[in-house]
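Presented below is the structure to which this report refers.
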Amino acid sequence: MAGSEGPRQLFLQGVAAVFTFAFASLYMQIPGLYGAEGILPARRTLRPQGKGRWQQLWETPTLLWEAPQLGLDTSQGLELLSLLGALLALGALLMRRLRNLFVYLLLWAAYLSACQVGQVFLYFQWDSLLLETGFLAVLVAPLRQPPHHKQAPQGRLVGASPHEGLPFWLVRWLLFRLMFASGVVKLTSRCPAWWGLTALTYHYETQCLPTPASWFAHHLPVWLQKLSVVATFLIEIAVPPLFFAPVRRLRLAAFYSQVLLQVLIIITGNYNFFNLLTLVLTTALLDDGHLTAESGNSHCKKTPTSWPRALLSLLSLLLEFTIYGLLAYGTVHCFGLEVDWEQHAVHSRTTFTFHQFTQWLKMVTLPTMWLGVASLTWELLNALWRWTQVRGWLRKLCTAVQLFIFGTATVALFVISLVPYSYIEPSSHGHLWTGAHRLFGAVEHLQLANSYGLFRRMTGLGGRPEVVLEGSYDGQHWTEIEFMYKPGNVSRPPPVVVPHQPRLDWQMWFAALGPHSHSPWFTSLVLRLLQGKDPVIRLIQNDVARYPFHKQPPTYVRAQRYKYWFSHPGEQSQWWRRQWVEEFFPPVSLGDPTLDMLLRQFGLQDRSPPRALSSGNSLAQALRWIRKQLSPLEASTLLWGLLAAVGAIRVMQALLGPHSPNSSPLAKEKHKPAPKKDSGAASKQPAPAPDNCSSSSHTPRRKK
């Protein structure tokens with residue numbers, strides 16, 4: 001395998017970008033979600049129970065325990081953490097020197113702290129994925145990030161430590177677990193839409209926040225929708241084992257298939273930073289040779305190579321064609337693909353049963369774990385071999401200590417991750433080493449490893465359920481309360497809000513899937529609307545003037561459940577059709593016995609008023625001033641502005657970089673003559689083979 005310095009830097013930049021979006025998005029919503037007048041005040045989650053300081057911090061690991069020491073309440077402390085996290089992540093994205101272990105440790109600790117008080121609004125799989133990825137970034141990032149690296153003649157980094165590739169392997173293992181589990185659970189859930197290959201005929205209109213492209217994708221031919229489901233199963237179940245393939249081209253093919261899937265999801269759905277984070281994980285499938293490929297390489301002249309190398313290249317090519325052939329045959333056989341030339345369509349159907357699939361899953365789950373063991377063992381042996389090449393006793397001792405620490409951490413995290421991964425198959429979970437279960441249980445609350453399974457079941461098969469809030473002054477005439485992002489007005493096009501996640505809108509989607517009693521927070525939302533709390537209103541409409549009750553809170557609030565469908569092509573000025581189904585939440589007013597009973601039942605009554613803090617606290621005043629400046633901005637607009645600013649700065653860096661005194665070492669090397677003392681050593685080295693142009697070559701290419 002070629003070096004991975006370039007992909008590691010790309011990974012660290014990507015993690016920093018995702019942290020920037022996650023913290024900035026959360027910051028804009030804190031007052032309405034977690035403030036003293038929010039839906040679920042954060043201060044209720046942190047109540048000292050007489051335990052020691054360190055025990056309390058270990059059981060509920062959040063830096064917000066220290067907020068009172070700064071004169072802040074919990075929600076203000078959360079604002080401070082989010083602001084600092086966004087700024088620190090933005091700095092790491094733009095400045096290489098900040099991409100070090102300590103910065104990523106702070107980012108991970110800050111987001112973990114937020115998740116401890118986030119309650120239901122931070123219980124999403126992508127929040128867990130960001131925490132796990134963020135902790136891996138702590139291990140991948142160097143202790144100190146130099147401004148640049150010098151290149152050795154064979155393309156390796158001078159001074160690179162032997163252990164550097166080990167934690168980065170865990171990123172590839174995480175990507176495998178995420179994709180493979182997400183594909184498997186679609187079939188183990190017995191969802192008729194996935195088994196019937198019709199899931200995408202419902203998905204585009206029933207997902208939480210569609211985009212305008214979702215409308216067009218929804219109206220694609222049914223045969224193409226079914227074929228897309230087949231492709232999804234292929235990419236999520238059959239392709240992930242290729243992440244560990246010994247042939248470079250197979251790994252690159254797996255990389256581009258994953259990128260294609262994530263880009264299509266980004267276009268047709270608002271999944272905040274989740275797909276961006278998945279794209280960041282795919283960097284573990286790349287290598288330096290692929291990232292630094294130069295156009296001039298195609299003009300290389302081929303020279304005869306040794307027969308062992310030629311034989312190895314031939315065997316690699318045969319393995320590639322065998323893998324591709326097996327994938328094609330398995331897809332045609334398992335999904336009965338047939339080409340209908342008359343109708344210009346490809347028909348597909350599931351040809352295996354649930355029992356056959358569960359037997360297959362039982363057969364392959366443990367081997368995939370052993371595949372991970374074999375791949376990790378190879379990485380460890382590679383690291384040991386690189387350690388033997390280190391010169392100098394002192395440096396060899398230091399690198400040995402680093403290799404032991406990072407090697408132990410890598411193996412420990414791999415063992416921990418086997419427990420949540422084995423949830424996909426119960427019998428395999430029971431066969432795991434008991435020590436793995438104990439180790440996982442000891443650190444489970446830190447979310448170092450999590451189980452994943454996206455889109456397990458397809459909802460809304462009979463129409464998209466949607467909760468519509470209504471307010472009234474007299475209990476007779478009702479006015480709908482329209483949200484900024486979720487479907488409501490049938491004439492309004494779906495918005496594009498990625499990478500922002502409007503967490504209230506997402507929870508409204510989950511609430512519509514069942515009775516309101518399954519979503520206790522909804523009662524608190526109704527209470528805040530009756531009270532006319534501005535922070536909560538800004539979650540619904542950031543431009544308060546567009547909120548129908550901005551002058552005076554409604555006397556009554558109720559909620560209705562509708563079913564929504566995308567409009568048919570040709571229906572003018574309409575994106576949706578809808579039909580009333582039932583009452584979701586009864587009409588209530590302040591002091592209503594029904595409302596008071598629900599608040600008591602769900603423990604939402606505010607019995608203890610917030611503790612009064614010093615109004616003269618300069619930090620609290622600074623936070624209030626920043627909030628006042630940013631509150632007029634819509635969250636998605638703020639994030640797009642950040643994205644545009646980062647893009648502009650990176651373009652400027654690229655334009656000014658070659659003219660700066662700190663230009664890349666490769667550029668300097670081209671114009672700098674070799675020192676005389678190295679001329680003898682250079683003459684002893686064999687000339688680089690000019691045929692190192694093939695993407696499958698395993699020989700490192702000499703950099704010029």
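Each Cβ is built from the backbone N, Cα and C atoms, and glycine gets one as well.
Please treat TrEMBL annotations as automatic predictions, because they have not gone through curation.
Taken from TrEMBL as is:
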- 123-292: domain 'Lipase maturation factor 1/2 N-terminal' (DOMAIN)
- 448-586: domain 'Lipase maturation factor 1/2 C-terminal' (DOMAIN)
- 659-704: region 'Disordered' (REGION)
- 12-30: transmembrane segment (TRANSMEM)
- 77-95: transmembrane segment (TRANSMEM)
- 102-126: transmembrane segment (TRANSMEM)
- 259-286: transmembrane segment (TRANSMEM)
- 307-327: transmembrane segment (TRANSMEM)
- 364-385: transmembrane segment (TRANSMEM)
- 397-419: transmembrane segment (TRANSMEM)
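Secondary structure by DSSP for the domain 'Lipase maturation factor 1/2 C-terminal' (448-586): 33 helix, 34 strand, 72 coil. Counting same-chain residues at least six beyond the ends of the transmembrane segment (102-126), those with a Cβ under 8 angstroms from any Cβ of the stretch are 12, 15-16, 19, 22-23, 26, 29, 33-34, 40, 42, 45-46, 60-64, 74, 78, 81-82, 84-85, 88-89, 91-92, 134-135, 137-138, 141, 271-274, 277, 446-447, 450, 452-454, 501, 503-504, 506-507, 519, 521. Within the chain, the transmembrane segment (77-95) has long-range Cβ neighbours (under 8 A, six or more residues past its boundaries) at 12-13, 16-17, 19-20, 23-24, 26-27, 30, 34, 42, 63-64, 66-67, 70, 103-104, 106-107, 110-111, 113-114, 117, 619, 623, 626-627, 642, 646, 649-650, 653.
When Cβ-Cβ distances below 8 Å are used as the criterion, the transmembrane segment (364-385) is approached by residues 1, 162-163, 165-166, 169, 173, 176, 180, 241, 244, 403, 407, 410-411, 414, 418, 421-422, 424-425, 428, 431 of the same chain, each at least six residues removed from its ends. When averaged over the domain 'Lipase maturation factor 1/2 N-terminal' (123-292), pLDDT in the model lands at 90.
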